[in-house]
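Asker: Residues or ranges marked as UDP-N-acetyl-alpha-D-glucosamine binding site by Swiss-Prot: Thr16, Gly17, Gly18, Asn128, Arg164, Ser192, Ile250, Gln295.
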Amino acid sequence: MTRMQQRTLMVMAGGTGGHVFPGLAVAHLMQAWGWRVVWLGNPNGMEATLVPKHGIPMEYVQFGGLRGKGMKTKLMLPVNLLRACMQSLSVLRRVKPDVVLGMGGYITFPAGMMTALSGTPLVLHEQNSIAGLANKVLAKLAKRVLVAFPKALPHAEWTGNPIREELARTTAPRQRYAARSGPLNVLVVGGSLGASALNEVVPRALAKLAPHERPRIVHQAGAKHIDALRANYEAAGIAAGDGAQLVPFIDDMTSAYANADLVICRSGAMTVAEIAAVGVAAFFVPFPYAVDDHQTTNAAFLADNGAALLVQQRDLSADALADWLRSQTRASLAEMAERSRSLAKPDATEQVAQICATVAGVTPSLSPEGKQQ
């Protein structure tokens with residue numbers, strides 16, 4: 001694609017990694033196809049720091065949500081929404097995108113509305129199993145509506161969640177599990193913010209298992225929670241390093257997933273997508289305060305198909321977890337992992353990118369020069 005022919009994709013996403021990282025996956029592929037990519041986000045969101053590190057220029061719109069905000073913010077909503085709409089229109093006129101991809105976040109609503117009203121094609125992607133109000137409204141204006149989970153929005157196309165390419169290239173579960181012996185390998189993921197329920201219950205559950213029954217543990221807790229996690233393991237009589245690796249962060253999550261027989265974690269949309277892509281058994285404990293309880297329905301997509309276990313936080317106990325771990329074998333977990341892999345959408349990134357290109361009236365370039373290296 002020559003410079004004169006170069007098309008422009010504008011990605012609008014922000015607020016959380018669940019919106020930003022899928023957008024980045026699509027953005028990088030479109031760049032590899034020769035597209036110019038511009039990102040629209042909030043100057044106060046994580047995207048303002050993260051996206052420029054990926055070599056993608058930023059445009060900004062100031063707009064936020066109302067949850068947990070005071071009366072003054074709520075009264076100012078009409079003014080703030082109008083301002084965000086005008087800012088969005090200004091960006092659209094300046095960037096002149098051929099297609100806009102909405103990946104979620106508060107700024108998606110005013111920017112998506114102005115995209116549709118200006119006549120620019122809008123492609124909408126919903127990452128969670130339950131769509132928010134903004135996407136329910138924008139879905140009526142978008143040229144194509146894509147979802148990560150079936151039935152999240154009516155008349156939408158099920159593409160799955162765009163993920164990092166290396167996750168989909170992981171060796172098949174059957175081969176990975178068959179090559180292992182000895183204690184089970186369990187990965188506990190609390191995320192960057194940690195998950196206090198997991199940090200408290202998992203060590204106590206392990207303490208209830210006889211030494212020969214205990215799995216090898218890698219437990220990630222977040223920097224702010226790592227000291228408390230170490231104290232929890234010590235209180236349970238399990239020394240760090242004695243079959244338990246306690247870490248604040250994991251840089252290579254692909255390898256961490258691939259080396260695990262079981263992952264104990266929350267069930268954010270990207271976590272569920274990544275676990276399915278790799279193909280690993282999961283024990284999901286949904287975050288109980290997620291909007292619309294979407295983490296429960298995210299987890300249910302795998303759990304209802306025998307690919308994971310879903311336990312609500314209120315029902316999580318050391319005794320119950322210990323009993324369940326005692327009942328599992330590597331073979332039983334391998335079966336769950338294979339079911340999980342069968343539900344994955346490994347081509348989601350390419351499918352979303354192709355839809356964006358098609359909506360813009362372009363046949364995606366899949367020549368050697370256009371492919372990602």
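Positions of Cβ are set from backbone N, Cα and C atoms, glycine also.
Map the listed features onto the structure and describe their local environment.
Answerer: Around the Cβ of Gly17 (UDP-N-acetyl-alpha-D-glucosamine binding site), the number of neighbouring Cβ atoms within 10 Å comes to 15.
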Asker: So, three-state DSSP: helix, strand or coil for Gly18 (UDP-N-acetyl-alpha-D-glucosamine binding site)?
Answerer: helix
Asker: Where does Arg164 (UDP-N-acetyl-alpha-D-glucosamine binding site) sit by DSSP, helix, strand or coil?
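Answerer: In the DSSP reduction, Arg164 (UDP-N-acetyl-alpha-D-glucosamine binding site) maps to coil.
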Asker: Tell me, how many other CB atoms lie within 10 A of the CB of Ile250 (UDP-N-acetyl-alpha-D-glucosamine binding site), whichever protein chain they belong to?
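Answerer: Summing over all protein chains shown, Ile250 (UDP-N-acetyl-alpha-D-glucosamine binding site) has 15 other Cβ atoms within 10 Å.
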Asker: Below 8 Å Cβ to Cβ and six or more residues apart, same chain only. Which residues does that give for Gly18 (UDP-N-acetyl-alpha-D-glucosamine binding site)?
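Answerer: Non-local contacts for Gly18 (UDP-N-acetyl-alpha-D-glucosamine binding site): Gly104, Gln127, Asn128, Gly268, Ala269, Met270.
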Asker: Helix, strand or coil for Ile250 (UDP-N-acetyl-alpha-D-glucosamine binding site)? Use DSSP.
Answerer: coil
